[in-house]
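Before any comments, here is the structure.
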Amino acid sequence: MTQIFNFSAGPAVLPKEVLQQAAHDMLDWHGSGMSVMEMSHRGPEFSSIHRQAMIDLRELLNVPANYKILFQQGGGLGQNAIVPLNLAGRRPDPVIDFVHTGTWSGKSAKEAARFARVNIAASSEPDHFTRVPARDTWRLSDDASYLHICTNETIDGVEYPDAPDVPADLPIVADMSSHILSRQIDISKYGVIFAGAQKNIGPAGLTLVIVREDLLDFASPQCPSAFHWKTCAEHDSLYNTPPTYAIYIAGLVFAWLKQRGGVAAMEAINIEKARLLYAALDADDFYANRVDPAYRSRMNIPFYLRDESLNEQFLAGAKERGLLQLKGHKSVGGMRASIYNAMPIEGVQALVDYLNTFAGR
Ligand code: PMP
């Protein structure tokens, strides 16, 4: 049978070893006689799964002691409302700054405008979202509640190489949904980090939020209790029933990452995977990735065929070789290869071979 490599942007490929472990545990987790899906979220079995996942994630991301890790629900789009409900009230007449670098930061700004005034401090829309606007062009507000950025634009393929420098009293809220755990980050540069799980963490349904402690308690009275960061933190993310099975799978992914040397080791492989793929796309003008090389995403790589009438033929040939879900997002067309942690380098090599063959190289 052809080996399958799944390039979906999310829900995305999970490590084979994780799925095998989950299959093994499906009917009877560790001799408990229960599937993880059937356990009380307050019982000793699930408590041990939950605790270990938290410990491993804190270690993998090197989360400082003055930050809380929250396991919530509602996804990235949920946080687009949950963040302003929790944090806009940090200032009396709130304004929220945004840097608009593509689809996801754009959606976040639109949702935030339902709760507070929004200032687009910079936008790369005039450049068709092919870069992060230069830091010295950002027009930050004097006293914003926070600055929102999306550090990896999943559709546009634009990634921040580092946390931007901003005034010390301006917390950065970062949507890291599509590159968390793919590279080392200095958490202390951010006030809040959030990420839907379904790309680099585990199954859809779990949303990870990391919040600096001094930012936990500015929620507006309208903020639902189940989404109030402070309430969630005080109950160790067990205020309401959490997405238990998704947390269990995420825990297996964290253990898998630790076995492989953690985030630093993954980052080294991710750099090499991205290098191989961009080199094949740049080899001649048969394909094009339009993002400024300084801001090219290592995780989500959109590209176009010079002759777009060949798109269907390209996708059909890819599928025949076991290279799945390469069609680009409907809003931008073309192709997209998402190469998260769980995509082995062999998958990228198989895609590179196909790109070269299809281009007649
Ligand atoms: N932010 C980013 C960067 C994303 O890639 C996505 C999903 N593709 C979202 C937010 C929205 O996530 P969800 O569908 O889980 O709400």
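Note: Cβ is positioned from N, Cα and C throughout, glycine not excepted.
Just so it is clear, the model here is predicted, and its values are computed rather than measured.
These come from TrEMBL:
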type	residues	note
BINDING	Arg42	L-glutamate binding site
BINDING	Trp104, Thr154, Asp175, Gln198, Asn240, Thr241	pyridoxal 5'-phosphate binding site
DOMAIN	4-351	domain 'Aminotransferase class V'
MOD_RES	Lys199	N6-(pyridoxal phosphate)lysine
For Lys199 (N6-(pyridoxal phosphate)lysine): intrachain residues, at least 6 apart, with Cβ closer than 8 Å: Ala9, Gly10, Pro11, Ala12, Thr154, Ser177, Ser178, Met299, Ser338, Tyr340
Cβ under 6 Å from ligand 1: qualifying binding-site residues of Arg42, Trp104, Thr154, Asp175, Asn240, Thr241: Trp104, Thr154, Asp175
Neighbouring C-beta atoms (10 Å sphere around the C-beta of Thr241 (pyridoxal 5'-phosphate binding site)): 11
Binding-site residues listed as Arg42, Asp175, Asn240, least Cβ neighbours within 10 Å: Arg42
Pairwise Cα distance maximum in Å, pyridoxal 5'-phosphate-binding residues per record: Trp104, Thr154, Asp175, Gln198, Asn240, Thr241: 30
Subset of binding-site residues (Trp104, Asp175, Gln198) lying within 10 A of the residue listed as 'L-glutamate binding site', CA to CA, in sequence order: none
Candidate with the highest Cβ count within 10 Å, taken from the binding-site residues Thr154, Gln198: Thr154
Number of Cβ atoms other than its own within 10 Å, given for Trp104 (pyridoxal 5'-phosphate binding site): 22
